[in-house]
Amino acid sequence: MTPPSRIVTPERRADDVGDTALRPQTLAEFVGQQQARANLQIFIDAARKRQEALDHVLFVGPPGLGKTTLAQIVARELGVGFRATSGPVIAKAGDLAALLTNLEERDVLFIDEIHRLSPAVEEVLYPAMEDFQLDLIIGEGPAARSVKIELSKFTLVGATTRAGLLTNPLRDRFGIPIRLNFYTVEELEGIVSRGARVLGTGITPDGANEIARRARGTPRIAGRLLRRVRDFASAADAAAIDRRIADHALSALEVDAAGLDAMDRRYLSTIALNYGGGPVGVETMAAALSEPRDAIEDIIEPFLIQCGYLQRTPRGRLLTSHAFKHLGLAEPSREASQFGLFGGDEE
């Protein structure tokens with residue numbers, strides 16, 4: 001995983017506990033994801049009118065976009081109980097059975113990182129989702145017997161950042177799949193402004209815009225940057241966060257105007273200066289940066305690709321003209337880098 005010191009990591013950090021107060025409580029307060037919100041509102045209203053459990057919901061998208069918040073809102077809007085856990089925590093079938101048998105009628109069970117459920121647990125989950133019953137084997141050997149346990153009708157809300165790792169049988173049992181996308185700067189401005197109001201901090205429109213532009217399309221990062229910029233504003237006895245204070249604070253935190261931090265720039269600079277802009281293999285980059293391959297592929301690269309700084313090619317990673325411009329470097333001849341001795345043989 002990425003080092004916890006990265007302020008722009010979309011993953012949850014220990015200091016994000018303060019972000020709970022910034023979370024919207026209703027769909028009406030939730031900013032962004034317009035189509036997803038509109039559809040969810042219809043499904044929730046229909047289930048509430050029929051007094052039925054909502055169909056199982058699967059949220060798919062990068063970390064930090066509000067999957068957990070939306071799951072909590074679903075339960076709140078339905079007026080039912082909410083239980084939360086994560087895939088790695090449910091180690092065996094008995095753990096899942098304990099959760100399911102304690103649910104009341106129409107309750108919401110939220111499983112984060114649902115792609116990390118073990119196959120044995122998934123097998124128990126299938127009949128629970130489809131028929132609202134548990135099929136458990138009690139005992140071992142000749143004395144083993146199958147026991148069916150009827151469950152209350154419940155709604156399973158799953159969340160995953162890696163939909164490709166979900167098995168087809170599990171994916172097919174979710175009646176309401178919803179993909180969350182990165183937020184626009186305008187949407188993040190609204191989130192930052194609302195967060196400032198909740199925190200009791202004044203903020204100008206251009207101050208909110210400065211934070212939003214550097215938040216990498218991710219509300220979790222926007223909230224984290226807002227809390228740190230607020231510290232700078234308080235230390236300076238400023239009445240409100242304006243563009244100048246936000247720019248000073250974020251520059252001090254090494255988050256540049258494009259939302260790139262020191263690790264991003266180091267990644268791009270390494271390819272540009274050491275490997276002629278690429279192509280270079282991911283294993284080579286992992287060794288050069290002393291970072292695990294998973295951290296590079298799952299955390300560092302997605303935002304760089306999304307912003308058009310990086311291409312993944314069959315021969316390796318390749319910087320774009322946009323990346324060289326951002327670094328303030330001249331773009332080298334591609335022939336030299338494409339056929340040079342730069343180790344670009346790994347995808």
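Using the three backbone atoms N, Cα and C, a Cβ is placed for every residue, glycine included.
As annotated by Swiss-Prot, region 'Large ATPase domain (RuvB-L)' applies to 1-183.
According to Swiss-Prot, the feature ATP binding site maps to Leu22, Arg23, Gly64, Lys67, Thr68, Thr69, Glu130, Asp131, Phe132, Arg173, Tyr183, Arg220, an assignment based on sequence analysis. Within the same chain, residues at least six positions away from Leu22 (ATP binding site) with a Cβ under 8 Å of its Cβ are Arg194, Gly195, Val198, Leu199, Gly223, Leu226. Taken residue by residue with DSSP, Leu22 (ATP binding site) is part of a helix.
DSSP classifies Thr68 (ATP binding site) as helix under the three-state reduction. Other Cβ atoms within 10 Å of the Cβ of Thr68 (ATP binding site), summed over all protein chains shown, number 20. Residues or ranges marked as Mg(2+) binding site by Swiss-Prot: Thr68.
For the region 'Small ATPAse domain (RuvB-S)' (184-254), the predicted model reports an average pLDDT of 93. The region 'Small ATPAse domain (RuvB-S)' annotation in Swiss-Prot covers 184-254 and rests on sequence analysis.
Sequence annotations record features per position, and here Swiss-Prot assigns region 'Head domain (RuvB-H)' to 257-347 based on sequence analysis.
Sequence annotations record features per position, and here Swiss-Prot assigns DNA binding site to Arg293, Arg312, Arg317 based on sequence analysis. Reduced to three states, the DSSP call for Arg293 (DNA binding site) is helix.
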Just checking a number: largest C-alpha distance across Leu22, Arg23, Gly64, Lys67, Thr68, Thr69, Glu130, Asp131, Phe132, Arg173, Tyr183, Arg220 for the ATP site, rounded to a whole Å.
38
Cβ distance under 8 Å to Phe132 (ATP binding site), same chain, sequence separation 6 or more: which residues?
Glu150, Leu151, Ser152, Lys153, Phe154
Helix, strand and coil counts within the region 'Small ATPAse domain (RuvB-S)' (184-254) (DSSP)
51 helix, 2 strand, 18 coil
Counting by DSSP, what is the helix, strand and coil composition of the region 'Head domain (RuvB-H)' (257-347)?
47 helix, 9 strand, 35 coil
Using a 10 Å cut-off on Cβ-Cβ distances across all protein chains shown, tell me which of the binding-site residues (Arg293, Arg317) has the largest neighbour count.
Arg317
